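Under the heading domain 'WDHD1 first WD40', TrEMBL lists 20-304. For 57-98, 141-182, 233-274, the entry in TrEMBL reads repeat 'WD'. Residues annotated as region 'Disordered' in TrEMBL: 315-404, 851-882, 920-971. The compositional bias 'Polar residues' annotation in TrEMBL covers 337-349, 861-873, 948-959. The domain 'WDHD1/CFT4 second beta-propeller' feature in TrEMBL is assigned to 421-701. The domain 'WDHD1/CFT4 helical bundle' annotation in TrEMBL covers 710-814. TrEMBL lists 928-940, 961-971 with the feature compositional bias 'Basic and acidic residues'.
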Amino acid sequence: MKARSIKLKEAHKSNGSESTCSIIWDLESQHLVTSSTSDTKISIHDALLPAKPPKLISQHKEGVTALALNPNSTCLASGSLDRSVSLYNFPGGEFQTNVTRFTLPIRCLSFNKSGSLLAAAGDDEGIKLINTIDSSIDRVLKEHKGPITGLAFDPLGDYLASVDSVGTVIFWDLSTRTPINILKRVAPDYGTDTSVPNVLCWSPSGDFLAVPGLKNDVVMYDRDTSEKVGSLRGDHSKSVCFMSWSPNGKYMATSSLDRQILVWDIGKKQDINRQKFEDIICSMAWKPTGNALAVIDVMGKYGVWDSVVPSHMNSPLEGAPKPRSNGLVLFDEDTQEPSGSGSLSNVGESSFGEPEPLHKKRLRKQNEFDKLDGDDDGAVGFPTKAEPRKKASHIHKKPKDDVYEEVGSGMKLGRPKMQDAFQPGCTPLQSGKKRFLCYNMLGVITTMETDGYSHIEVDFHDTGKGLRVPSMTDHFGFTMASLNENGSVFANPCKGEKNMSTLMYRPFSSWANNSEWSMRFEGEEVKVVALGTGWVAAVTSLNYLRIFTEGGLQKHVVSLDGPVVTASGFKDELAVVTHSSCLPSNDQMLEFRVFNFAKEAQAIKGRLPLTPGSCLTWLGYSEEGHLSSYDSKGVLRVFTSQFGGSWLPLFSASKDKPEDNYWVVGLNDSKLFCILCKNPLTYPLVTPKPFLTLPNLSFPLASSDLGANDLENEFMLSNLSLSQIQRKIDEMATSRQNIMSLEDKAFDIETSLDRCILKLIAACCNGDKFERAAELVKLLSLDKSVQGAIRIATVLKLPVLADRFNCILEERMQNETTDTTPYTKPSSDGFKAPDIMPVADNRRMEFENVLPSPKLPSPQFFKQENTETSRSTVGKERMETNGSPSVEKMKITDVKVQGETNPPKKLMTIPEKPRLFGSANKITCKGNKGEEISQSESHRPTNPFAKSPNTQVKTSSLLDSIKKMKDGGKS
């Protein structure tokens, strides 16, 4: 039968000579990708708009020899004569990375069924298995004696098949990375000529491997025995150079050096269609979603052959396996077809469900197919529908990491799976690779297994302050660790005949020899470890919390309410997260408890919030000691004392970089410390050394109608920081501790908060949100800041709003003058503290009372005589006797006001925080009754949400400045 001729068009310039070209479809049949050894560019063609110019990828320096798409068509791989293998995003074509280089040109590429492994081979006779997640070389397979021209992964994920230019076919076992069968001289021998490559391809079911034969035919080999089970031989007058299976495996297209394509019915062993071309077709690809075949010839011309299978025959899509919904696996698990006797038992298994021995499989195959002729000329009959064979090892098991995703998406009925316990900062075990046992803000602990034991190293981030800890040989196989300034603790799962788990503590320094100690747990497995000041904690599989001293004394054993998820320590506190229950919505229900070992009390207990459908991935403390958590949806939460104890969301990865994964290390007052991991990798690798990413903490705010989300976020963070410091000040004042350093910090934050509020007021004025502007004015801390708000309203020609701001200021000043009640510190032991006001309030009153009452500017559009007579002008500075300002000034000049024609003026001058420390680091404050209190400077931990002060320390104190001003007035 003669088919309608196919019109080909140029995809790559051939320069008048033949070249090796490639063509592939994407998963949805929306794009065609072509390449040629005569062209350095890769072309991505729009299959829906053939007239549209293709997208070109220019990365290689020499011609492209091979192409491959991963199963979900998101990553394109290319090999070249320049000996490099490159990866690109698809269909965008953006270059990702060069994953490897060879010593000779590359000839073939192939992805495995999950896309996590890329096989590459070429003229140097070795096959590199490349891990696409981290671009590492998993293994190099060496057995071929000639250039390797064809690679194909088994669709079931068990084998890799390869063929070279001298006709040798090798079946590789992927579990052991070793050859299981070597078939020599079964394919045409081209010597070192790679212009006509030998190829091979698996059937969609994975039952057969198709290889070009020695008699211009195609030979089928069995996947389990590597035995020849049949051949397709017809009207090809020269060797077959390329093959392509239909999506359902019932048809095959073969291209030959005789310049024709034959389409075969596998069941009937006969060709059903053919097409003659002017040049040799060197590559073909069956359309995944239709009855069409894409072809490209040795001159770089390509086209699509529609209606490859005649319309009176079954469609090539009928019964084709469908891709999984997640796009990671191309083929569904084998479905069982009734056998001729009506039995539903698996082919390849005995009637009792056990796998058949190899010799029984061979006997069964002879019964399924027509009797095999002894010579090569005999034709072998194929079954109408090849029955799939399934071994126990072929069953597609869901990876452990994906179990929760399946449960969380509601795909699985029954009781949802509870999250497994994990150690914060610990990465999964990787055979033959170095991994992290612990990674925190202080340092890292790494391990690598070699020859039955592991080598553990401890390194500190700050090499100048951290101790030099010698490496350790690990004979126990530790899988988790924790690290602090005093030492490190290690633990391993149950192992050995006695099923014992080991806990070991290793101090960094001690006055005594042999201070290292270990504990054994028989029939009890350590799940999580943690460290603090003077204590070591281990949570076990029996839901026991075991507390040890640094010397190894067993001090406490506490029963927890449920199975542990994780734990983390900081100074005297230990936070433990356990399972509570599971909701019908499949969400994890977790509880957290915070123990204080110094007080031997349980400080906090409650439910741990998680994003719906997520699980907990990190738990720890900030540098300042605030408990924090991070879930798999990318939300960071910090526990605060607000509203009686609440978790506040301070970071969301979905709004920052949703396409990447954040692996959290820790956090401080304003930033999250994490490692950015490219999808699908969810954890960092030790080599190359990972780089820390420091995104800013930010509330997940709604889109503001003012467009001032950054200012509103700064406002909320400053308020949070101020409340944290004020709570700390109250606690320390009650116990009569030095609070001067915290008061300095509180004043800095108040000043910064006022600056932020003024910017928000300007935004409200420009956006006609006057009610919101009035609310913001009431939140200003300093009276001078309120005067700045009045000036903003005046400049923007808003007299009503300016009058409203004036009324708020008058009301504030009246409240301050009437509220003169002395502040008395509470005392529980009968000692009455001096009657002084809080330092921040006292300092603020000193600022306001240094100068005579300022005269406020009235709005320019109406008279305000009462206001003018009651206040002085704004901007008058308090000066020392020598004429220099005694207090630093904060310039409010960065508030942009719309509508001004002239350059912006200085709207106001706000006094910056006074310097409280002299050269002797002391200050003497006078209370309302004249008592003197001498307080020395103290160093306190900074709050995680406070901003670092930028001002420099003055050499004169506030009291000295006031005295100088008074003396100057008298003179």
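Here the Cβ of each residue, glycine as well, is placed from N, Cα and C on the backbone.
TrEMBL annotations: computationally assigned, not manually curated.
Sequence-distant contacts of the repeat 'WD' (57-98) (same chain, at least 6 residues past either end, Cβ-Cβ under 8 Å): 19-20, 22-24, 26-28, 30-31, 33-44, 104-111, 113-115, 118, 120, 122, 130, 132, 135, 323, 326-330. Helix first, then strand, then coil: DSSP counts for the domain 'WDHD1/CFT4 helical bundle' (710-814) stand at 90 helix, 0 strand, 15 coil. Note: the repeat 'WD' (57-98) comprises 0 helix, 24 strand, 18 coil (DSSP; helix = H, G, I, strand = E, B). DSSP assignment over the repeat 'WD' (233-274) gives 0 helix, 23 strand, 19 coil.
For the repeat 'WD' (233-274), the mean pLDDT of the prediction comes to 92.
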